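Trainee: What follows is a structure written as structure tokens; I'll ask about it next.
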Amino acid sequence: MSKETFQRNKPHINIGTIGHVDHGKTTLTAAITRALSGDGLADFRDYSSIDNTPEEKARGITINASHVEYETPNRHYAHVDCPGHADYVKNMITGAAQMDGAILVVSATDGAMPQTKEHILLARQVGVPYIVVFLNKIDMISEEDAELVDLVEMELSELLEEKGYKGCPIIRGSALKALEGDAAYIEKVRELMQAVDDNIPTPEREIDKPFLMPIEDVFSISGRGTVVTGRIERGIVKVSDKVQLVGLRDTKETIVTGVEMFRKELPEGRAGENVGLLLRGIGKNDVERGMVVCLPNSVKPHTQFKCAVYVLQKEEXGRHKPFFTGYRPQFFFRTTDVTGVVTLPEGVEMVMPGDNVEFEVQLISPVALEEGMRFAIREGGRTIGAGTISKIIA
């Protein structure tokens, strides 16, 4: 079945496999394509084709990730699988593959391991809203050890609940056996995908959210007024809509008197489109790149937040030395850099290149911020880290 024949008449969901190294994430990804290919809903992808991951860049950071697509009878899925732990951290923090939900793969023989816990915490920090658990390698458990699996399940449920993931379904199976064609275990993979269908809700589409456009450029057109250009991040804007300009200065309200695309007048602009908006009563000096134009009161300007951050290693062209509380890099949000001061949490003396850390930031100017938003950290124009806002403070 070629890529082109995938019909887009089903809701689209982004998911990924997360979990400890060697617990079977990639094997499960391959097993899902095997199970669904039997129903003509996927192209079978073997382990090596998924494991051999291409490099991609997100927010100036190189990430290895494999993208697989498949369908269930109800939905179309894009599934991301990463080879190494550092790639998961980078992938989740940069939002390279924004996940609507995740499949947490845990080996029944090992139970929850350090990276299991780290991935659950990371999922919470970056705003992955739902998790479904696949308890893998169940074929390795002898009958006398069967009770241990119940304990592993209990421990997992507690661990997930601690981080705010309540009542996650847990499906037992064997990815390897399913991949080898064992019918009973293929059925378990189908059961897993049914649980994913049922427990990971379809996200609200970008077009249905409140209007927001980051401003990339500002022009003044003589006799007509000021035009701001950018790519609409979400929602719809129509001529004569009331909007606000938020960030960098005091919030201003104005009215959209024109929407243009490729020099043509349009009645409206929609999520994903590059447009110019003509704004009533706004001078060229009242507005600048880095502000957003949005539905009134849908976004507020903020200066202080907590964030989950990945700091690039030297080999990834990051810093060569650690940084400390008081460090003042630039934080790049949407279309602009703003200087901010870092405060490390108690007990953390310094941050080394390659670390994955949570800290607070105080910006010198207000920016339109929201929890779950991604940003890059830059020094002199080069990226040295990436982050996600986990909590707005002020």
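Positions of Cβ are set from backbone N, Cα and C atoms, glycine also.
This is the feature table in Swiss-Prot:
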BINDING   19-26, 81-85, 136-139  GTP binding site
BINDING   Thr26  Mg(2+) binding site
REGION    19-26  region 'G1'
REGION    60-64  region 'G2'
REGION    81-84  region 'G3'
REGION    136-139  region 'G4'
Trainee: Rank 19-26, 60-64, 81-84 by Cβ pairs under 8 Å to the region 'G4' (136-139) and hand me the top one.
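Mentor: Most contacts with the region 'G4' (136-139): 19-26.
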Trainee: Using DSSP, what's the helix, strand and coil tally for the region 'G2' (60-64)?
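Mentor: With helix first, then strand, then coil, the region 'G2' (60-64) has 0 helix, 4 strand, 1 coil.
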Trainee: Compare the Cα of Thr26 (Mg(2+) binding site) against each of the binding-site residues Gly19, Cys82, His85, Ile138 and report the nearest.
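Mentor: Nearest in space to Thr26 (Mg(2+) binding site), counting only the binding-site residues, is Cys82.
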Trainee: Tell me the Cβ contacts of Ile138 (GTP binding site) under 8 Å, same chain only and six or more apart in sequence, or just say none.
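Mentor: Residues satisfying the criterion: Ala108, Val149, Arg172, Gly173, Ser174.
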Trainee: Any idea what the model's mean pLDDT is for the region 'G4' (136-139)?
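Mentor: Across the region 'G4' (136-139), the average pLDDT comes out at 98.
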Trainee: Tell me which residues of the chain lie with their Cβ under 8 angstroms from that of Asp22 (GTP binding site), as long as they are six or more apart in sequence?
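Mentor: Those within reach of Asp22 (GTP binding site), by Cβ under 8 Å and sequence separation of 6 or more, are Ser107.
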Trainee: Restricting to the same chain and to sequence separations of six or more, state which residues have a Cβ under 8 Å from that of Cys82 (GTP binding site).
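Mentor: Correct list: Gly16, Thr53, Ile63, Asn64, Ala65, Ser66, Tyr88, Asn91.
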